[in-house]
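Novice: Have a look at this one.
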Amino acid sequence: MECCRRATPGTPLLLLAFLLLSSRTTRSEEDRDILWDAWGPWSECSRTCGGGASYSLRRCLSSKSCEGRNIRYRTCSNVDCPPEAGDFRAQQCSAHNDVKYHGQFYEWLPVSNDPDNPCSLKCQAKGTALVVELSPKVLDGTRCYTESLDMCISGLCQIIGCDHQLGSTVKEDNCGVCNGDGSTCRLVRGQYKSQLSATKLDDTVVAIPYGSRHIRLVLKGPDHLYLETKTLQGAKGENSLNSTGTFLVDNSSVNFQKFPDKEILRMAGPLTADFIVKIRNSGPANSTVQFIFYQPIIHRWRETDFFPCSATCGGGYQLTSAECYDLRSNRVVADQYCHYYPENIKPKPKLQECNLDPCPASDGYKQIMPYDLYHPLPRWEATPWTACSSSCGGGIQNRAVSCVEEDIQGHVTSVEEWKCMYTPKMPIVQPCNIFDCPKWLAQEWSPCTVTCGQGLRYRVVLCIDHRGMHTGGCSPKTKPHIKEECIIPTPCYKPKEKLPVEAKQPWHKQAQELEEGAAVSEEPSFIPEAWSACTVTCGVGTQVRRVKCQVLLSFSQSVADLPVDECEGPKPASQRACYAGPCNGEVPEFNPEETDGLQDFDELYDWEYEGFTKCSESCGGGVQEAVVSCLNKQTREPADENLCVTSRRPPKLLKACSLDPCPARSRVASARTACKGFA
């Protein structure tokens, strides 16, 4: 037998050593427990709300030291404190307000989240940079960190789970459910771009519903965020968020940071009201707002109890259903609220048999047949869809859906709707003809019918359907116009013969001014205004005038100003020196060789045209010759021709005149004169 197998050498010694070690270990554990007295009762909780600590003690019965600890802790009072209770660490700091520190009273504020020693009571004097450790330990139950459940017990930070158990590592999910799977809320993330204007000074960024958590918004730009709230009781409020800080808005903690170029808004939640984040126009540039938060699924499906049995005896069936439940108002609402959340899956109805006892009127025996074979279950039955309410652009169709039941003989009758709730009810409304309606499509405009001035232009306008095909059905009232006036900015004037600029001398410019005069023509030309009075009453001064490039528009008979580069040739001077006569009766002497004075001698005297001679003929075409004179350019008085530089004398300038044809008698006389000349 297996038990009689001979042991190998050394086996008894190993077995004996194992038995001795096990016995010693067991005895030591028993001795350790025996050396301690029983645990005493739990102490009073260190706090009445917000999570505190309670302890229990035991006494060592041995004259020697006992192994293990003589104190144990547990959490207690794990209910939320009312908002007016304030922060527990802040209460401990304020308890020192009536105690002098270095001979002076201070109002102490808590210093939280100390990474080195979170369980010491460090406080800061209000309005100063003074930070003092007022106690090496905070009271038991004080949170180690503001955003954590971990609490200080006997000066040490102890891990606390969301189940409020000491040493537990269970955490809340993003929805605030302890050890949850995140299915009771949904992540909402988005971006808003402001489009504010002088007529639209504010706008809604996002609506954050009651119960939302982990809210964070970042605004970048010149605009400003502010809040509007609405409680479940309907009370409304507003907070302008004027300065950086942490404050309560409808019992929800709000942390706001304001920077020169951005704003940051944080709310840990859960929100105790509906928050509407808005933006107010504060600058010319647009702003962007990025937001993220976890929105609770406040409408959830709830399974109902079984409906009444379909028969009072002889065997029937009954079903459960699901109803949409509002977690905030604790009431049943329309199913559409639950369908809003894709995460919400409506539970399938349950079906069970009921009232299986025989009916009294029967023979006392009735076999219950499987309903799916011999007694079909009630079902939904629908009528045909109605015609679409619109031929295009999106309409709706309706139909009636009812719950019917078919008996063994095939007779169909209407029954209560709850009997069909084990399957989803067919929709009674659906969209139809969602394609776009025909619309007018305008082609590009044709070129203007003129090359200058005012004309017309045309375009083709077609009625196009959603497939891009030419069709009918467009409203004549909305048809774009096919003809409109157009104006070509080019003035209507005759092209001017271009002359090389370098071939034009100063006298040509003056000759052109003299010939054309100051009258505006149909070709662009420089039109100077009259010279101003001399700036001095004696000696050498300055005269100025305005020179414009203008053209006469023939179609409107109006004068238009043109850019300077539209006029060809040199631009007449807009400033010149003037001489108002000698000062104090002195007679100036001009030396042609002297060039260091106010003005060169040859600049004081120059040739100028002074009009034209009388036309050589009164009709039939004649000529006029320009009169050239030497003038003092300051006094405009005629001077001796020797004072003007001979090489700069302008050439003879002729122009045609009296171009109208002569009367018949004159033409005959002219012919006779011509014949006498040839005789």
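Cβ atoms here come from the backbone N, Cα and C positions, even for glycine.
The structure displayed is predicted, hence computed values, not measured ones.
Copied straight from TrEMBL:
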type: DISULFID; residues: CYS45-CYS76; note: disulfide bond
type: DISULFID; residues: CYS49-CYS81; note: disulfide bond
type: DISULFID; residues: CYS60-CYS66; note: disulfide bond
type: DOMAIN; residues: 104-185; note: domain 'ADAMTS/ADAMTS-like cysteine-rich'
type: DOMAIN; residues: 189-296; note: domain 'ADAMTS/ADAMTS-like Spacer 1'
type: SIGNAL; residues: 1-28; note: signal peptide
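Surface or core, plus neighbours and distances: that's what I need for these features.
Specialist: Sequence-distant neighbours of CYS60 (disulfide bond) (same chain, 6+ residues apart, CB-CB distance under 8 A): LEU35, TRP36, ASP37, CYS66, ASN70.
Model confidence over the domain 'ADAMTS/ADAMTS-like cysteine-rich' (104-185) stands at 88, taken as the mean pLDDT rounded to a whole number.
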Novice: Given CYS76 (disulfide bond) and CYS49 (disulfide bond), what distance in Å do their CA atoms have, once rounded to a whole number?
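Specialist: Here the two Cα atoms lie 8 Å apart.
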Novice: From the Cα of CYS81 (disulfide bond) across to the Cα of CYS45 (disulfide bond), what is the distance in angstrom?
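Specialist: Given the Cα positions, CYS45 (disulfide bond) is 14 Å from CYS81 (disulfide bond).
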Novice: Mind giving me a neighbour count for CYS76 (disulfide bond)? Other Cβ atoms within 10 Å of its Cβ, every protein chain shown.
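Specialist: I count 19 other Cβ atoms within 10 Å of it.
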Novice: Return the residues near CYS49 (disulfide bond) by Cβ distance under 8 Å, restricted to its own chain and a separation of at least 6 in sequence.
Specialist: SER77, VAL79, ASP80, CYS81, PRO82, ALA85
Novice: How many of the residues that make up the domain 'ADAMTS/ADAMTS-like cysteine-rich' (104-185) does DSSP mark as helix, as strand and as coil?
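Specialist: Residue counts for the domain 'ADAMTS/ADAMTS-like cysteine-rich' (104-185) by secondary structure: 0 helix, 27 strand, 55 coil.
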